[in-house]
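For reference, the structure discussed in these notes is given below.
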Amino acid sequence: MLYSLLYGYFNINLFQYLTFRAGLGFFIAFFLTLFLMPKFILWAKAKKANQPISSFVPSHQNKKDTPTMGGIVFVFATIVASVLCASLGNLYVLLGLIVLVGFSFVGFRDDYTKINQQSNAGMSAKMKFGMLFILSLIVSVLLSLKGLDTFLYAPFLKNPLFEMPTMLAVGFWVLVFLSTSNAVNLTDGLDGLASVPSIFTLLSLSIFVYVAGNAEFSKYLLYPKVIDVGELFVVSLALVGSLFGFLWYNCNPASVFMGDSGSLALGGFIAYNAIVSHNEILLVLMGSIFVIETLSVILQVGSYKTRKKRLFLMAPIHHHFEQKGWAENKVIVRFWIISMLSNLVALLSLKVR
């Protein structure tokens, strides 16, 4: 809106620069989240919209009165900042906002069910998976119709591994959406554990998106160019800004949880950025914490079903370390460090290829 008004009509050249608009979007989203979150917390407490805590985690029972669904606030702040600072005529921006809103809506349905039933189970896995699948399929098909190329790239290699047939690419993108959104959802079990790795991952992906959308940088760095995708940089930075605002209230001890309303939206948007910037494989490194958490659950379930034995004291793995006597803050900060280092290595692939 500001972009169209100040640059389109008044020709204020400052607004033609992605970096300026992305920075402005960051601060708008940050301060809007800071402003709205206390009001949301008061409202949620009045409505008793508290996070049901599993009986299997007795050390977390003191968190049972903490309100959830804080993700609604940072998703809303991101949308406002994006509408103000990004070009809404850009399809990559519109699809990114659809991903944020759509995945957040599925998460909201799940959170609402948990609160109503006072159960940690939420809506049925079949319903949740079905809604996420339909959303992922729609966005993947639209990306294909947009003309996003279907080459599969590996980190540190300048040439693609191969070109996927359209149907295979769409199926692969759906898998990336589903796996990433659920991985972030599984990680969201301790104060700040999902938000900070999401910030690191989004910052890395936003750099890749910016490079992919810039003809000079992509040519110099031998990176695949994606026409018009650079505008998504504005939305990504807005989401990072809103996450910093959310972290202000989510750091230990948390005053609010993001809930599935936030974690599914984050996972979906991270996946979207990885797909449009051709970083589906590199996402495994950038989202290392999400991968580790998900693998711990898969291994735990698989081991118990096949051998009737558990590999970990509890899954996801952050609870395993808690059971071993690690303080919650120690688990959180160490996971943050792993995430930060993983993303620094991932960024090296921009130059080393």
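A Cβ is built for glycine as well, from the same backbone N, Cα and C atoms used for every other residue.
Swiss-Prot annotations:
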| type | residues | note |
| --- | --- | --- |
| TRANSMEM | 24-44 | transmembrane segment |
| TRANSMEM | 66-86 | transmembrane segment |
| TRANSMEM | 88-108 | transmembrane segment |
| TRANSMEM | 129-149 | transmembrane segment |
| TRANSMEM | 160-180 | transmembrane segment |
| TRANSMEM | 192-212 | transmembrane segment |
| TRANSMEM | 229-249 | transmembrane segment |
| TRANSMEM | 256-276 | transmembrane segment |
| TRANSMEM | 281-301 | transmembrane segment |
| TRANSMEM | 330-350 | transmembrane segment |
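Across the candidate stretches 88-108, 129-149, 229-249, 330-350, the maximum count of CB pairs under 8 A to the transmembrane segment (160-180) is reached by 129-149. Contact count against the transmembrane segment (129-149) (Cβ pairs under 8 Å) is highest for 256-276, out of 66-86, 229-249, 256-276. The stretch in 229-249, 281-301, 330-350 that contributes the largest number of Cβ pairs under 8 Å to the transmembrane segment (24-44) is 229-249. Distant neighbours of the transmembrane segment (281-301): 152-155, 176, 179-180, 182-184, 186-187, 193, 197, 200-201, 204-205, 267, 270-271, 274, 310-312, 315-318, 320, 335, 338-339, 342-343, 345-346, 349; these residues of the same chain sit at least 6 beyond its ends, with a Cβ under 8 Å from one of its Cβ atoms.
Stretch with the most C-beta contacts under 8 angstroms to the transmembrane segment (66-86), considering only 229-249, 256-276, 330-350: 256-276. Listed by sequence, the residues of this chain that lie at least six past the ends of the transmembrane segment (229-249) yet keep a Cβ under 8 A from its Cβ atoms are 18, 21-23, 25-34, 37-38, 41, 70-71, 73-75, 77-78, 81-82, 85-87, 90, 92-93, 96-97, 100, 192, 195-196, 198-199, 202-203, 205-206, 209-210, 212-214, 255-256, 258, 262, 266, 269, 273, 276-277. Sequence-remote contacts of a segment are chain residues at least 6 beyond its ends whose Cβ falls under 8 Å from one of its Cβ atoms, and for the transmembrane segment (256-276) they are 37, 40-41, 44, 51, 66-72, 74-75, 92, 95-96, 99-104, 106-108, 110-111, 122, 132, 135-136, 139-140, 143, 148, 173, 176-177, 179-185, 187-188, 194-195, 198, 201-202, 205-206, 208-209, 212, 226, 229, 232, 236, 239, 243, 246, 249-250, 282-283, 286-287, 290.
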